[in-house]
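Student: I'd like to ask some things about the structure below.
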Amino acid sequence: MGASILSDLGTEILIPVCAVIGIAFSLLQWVLVSKVKLSPGRDPGSPRNNGAGGKNDCADYLIEEEEGLNDHNVVLKCAEIQSAISEGATSFLFTEYQYVGIFMVAFAILIFVFLGSVEGFSTKSQPCTYDQSKICKPALATAAFSTISFLLGAVTSVVSGFLGMKIATYANARTTLEARKGVGKAFITAFRSGAVMGFLLAANGLLVLYIAINLFKIYYGDDWGGLFEAITGYGLGGSSMALFGRVGGGIYTKAADVGADLVGKVERNIPEDDPRNPAVIADNVGDNVGDIAGMGSDLFGSYAESSCAALVVASISSFGINHEFTPMLYPLIISSVGIIVCLITTLFATDFFEIKAVKEIEPSLKRQLIISTVLMTIGIGVVSWVALPSSFTIFNFGNQKVVKNWQLFLCVAVGLWAGLIIGFVTEYYTSNAYSPVQDVADSCRTGAATNVIFGLALGYKSCIIPIFAIAVSIFVSFSFAAIFAAMYGIAVAALGMLSTIATGLAIDAYGPISDNAGGIAEMAGMSHRIRERTDALDAAGNTTAAIGKGFAIGSAALVSLALFGAFVSRAAISTVDVLTPKVFIGLLVGAMLPYWFSAMTMKSVGSAALKMVEEVRRQFNTIPGLMEGTAKPDYATCVKISTDASIKEMIPPGALVMLTPLVVGIFFGVETLSGVLAGSLVSGVQIAISASNTGGAWDNAKKYIEAGASEHAKTLGPKGSDPHKAAVIGDTIGDPLKDTSGPSLNILIKLMAVESLVFAPFFATHGGLLFKIF
């Protein structure tokens, strides 16, 4: 079969070094962002202080004076608003983490008890599941190490989300201040801040997983099957925390957003982010806890799960059986090279090309996706050549199939390029530069009803190409799988889609940071020219955020399928026959779950928004001088409404997702559970795509009318016109779709799959109680 070119020692050096480089690069970006000071005054060497500057310095100074750069009151106001947003976001996350911490401990105990009971808490070594001639570590050890890896994944996910939020709130006001010097300076500040989060999350996730594998190896020794079964807890921990982060953060941000928009824009006809609006601080806090912390935890969960799925399948194949360390860690090497590729790609946005005009912002962000994909394709080719033997065997539902290294390269590359296709299709359906969104905007002429109809139709139609792209990537990977690489091909295809996660997250985080920057500019009373620049940054961020959601949904589909395959193998299910009643009832119930989950999250946003609307109306009606700007609103009450509502409302949807696999597995068995997983995957992906794209289209249709950049848009405006009010209503309906229900469905389908994988031994041994009784 041959050996890999890259030695085991080389692998042991390469992975941690790449992770450390990623962390170092993120810290460098943070240092560069921190050079923008949030305090008034000029540098000691400035021409104002000593007159020693040259001609260019004087010219810069004149421009700064024109833009109000030296207005100390503006700087102080920006710092004050930034502090309020940061404090609100930190307070919410700490409150959320207290509840999540209780769940984390309780579920960790559940994992240990359930998995430990598989062999009656025996401490004796057992025959290996996949090779009865060999002796493996006891089930109690797998229970203990699965619990530890679950806690590791949960803590890493929480830390990733929290760090992302702190970085975003650190950078938002700095982006606002840089916008006075030009759109290029503001873009670089926002993008570098996003890069801090992207590289920290990618590098930390990789490093923690690599360290955990090496520490677990000390105990497991040659029992690599047991080792990587235990590692699956890492993905479960990451995704379970992401669920609460996404749902809780999504409810928070959309309750504030809906309340601010309905009363502020529609009823009171005041601009977005107007400081007179009592919900404006809560709205800006929500951008950070939902779109930043939630998205960070979500993509970390996808990365952890795809890595774990690939490692589990590889551990029972020739890599694991022959203890080939470098090929075994092929998924981690891909992620390591991805960090270096993303680092080079980032330099194209921050150093190699300068943004000089508003129209260059969106192309620059799209260039990031294309450059990273092209470079990563080359990187995957090199990794597949040096880290894999020329041929090897992969476990395929009870059989060992021979695979060539170039076939595995194709699987990864197909996943990578499928992600890019999904991203650009998402952009087409959600960007106001193209006809679908313009058609939605045009439908606002006849009111909100036609706007809603057109938006829903757009969302449904936008499913077509992404589903085909996912289907083709599955077919190509599984074509090799059916003949060659089985579920391992699907797992590495998912990893391929996530291999450029650092760039994807940087682009994603850029959006909310720019949105916050615009809000701060409005609240600080900065000039219309500054607000136009931040709005341009925000508009590009909206589109790229939709692209990021497309990536997340596509990768979730592939990750879930890979986890499903690993579950079927681990639960010793020979075939999943949909014609059997056990499986078919599971399919029906599984297909229903995303609708149930979406109903819960949508109603949660509606209930919280209702309270917010009532509070904002009360303040406008009872606080004298609020509309005139002579009195301050009570921001704290609105922040408290969002916090209390999101904490209370995130529990039922979270319980639905976490308890479903346990209830089905224990009472109905692994066959029915396999049907539930398949059903939720098939329907969840469709709903997630349509919900995210419908909401994104309504949002950008509203912005299209507000910007009035084309003759068509001018006929629909200005702000406050009837078409604009209809667009605001559509945007308000779309908010919970694109920022709460849609993104959370990614986690539903992944989390149920990885939870089933972790508990598979218990379900296989003790599950199906009802069928055993009857």
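Note: Cβ is positioned from N, Cα and C throughout, glycine not excepted.
Checked TrEMBL, it gives:
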- 13-33: transmembrane segment (TRANSMEM)
- 99-118: transmembrane segment (TRANSMEM)
- 138-165: transmembrane segment (TRANSMEM)
- 186-213: transmembrane segment (TRANSMEM)
- 328-349: transmembrane segment (TRANSMEM)
- 369-387: transmembrane segment (TRANSMEM)
- 407-430: transmembrane segment (TRANSMEM)
- 451-476: transmembrane segment (TRANSMEM)
- 482-507: transmembrane segment (TRANSMEM)
- 551-573: transmembrane segment (TRANSMEM)
- 579-597: transmembrane segment (TRANSMEM)
Student: Per the definition of 3+ C-beta pairs under 8 A with sequence separation of 6 or more, do the transmembrane segment (369-387) and the transmembrane segment (482-507) touch?
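Tutor: Checked: the transmembrane segment (369-387) vs the transmembrane segment (482-507), in contact.
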Student: What stretch in 13-33, 99-118, 138-165, 328-349, 482-507 has the biggest tally of Cβ pairs under 8 Å against the transmembrane segment (407-430)?
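Tutor: Between the stretches 13-33, 99-118, 138-165, 328-349, 482-507, 482-507 has the largest tally.
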Student: Under 8 Å for C-beta pairs, could you tell me which stretch among 138-165, 186-213, 451-476, 579-597 has the largest tally with the transmembrane segment (551-573)?
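Tutor: Highest pair count goes to 451-476.
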Student: Which residues, given as numbers and ranges, are at least 6 beyond the ends of the transmembrane segment (579-597) yet have a Cβ under 8 Å from it?
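Tutor: Distant Cβ neighbours of the transmembrane segment (579-597) are 653, 656-657, 660, 664, 668-669, 671-684, 687-688, 741, 744-745, 748-749, 752, 771.
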Student: How about long-range neighbours of the transmembrane segment (186-213): same chain, 6 or more residues beyond its ends, C-beta under 8 Å?
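Tutor: Here the qualifying positions are 15-16, 18-23, 25-27, 29-30, 32-33, 36, 148-149, 152, 156, 159-160, 163-164, 167-168, 170-171, 174-176, 178-179, 227-228, 231, 234, 238, 292, 296, 299-300, 303-304, 307, 311, 329, 332, 335-336, 338-339, 342-343, 346, 349-350, 355, 361, 364, 501-510, 513-514, 517, 533-534, 537, 541.
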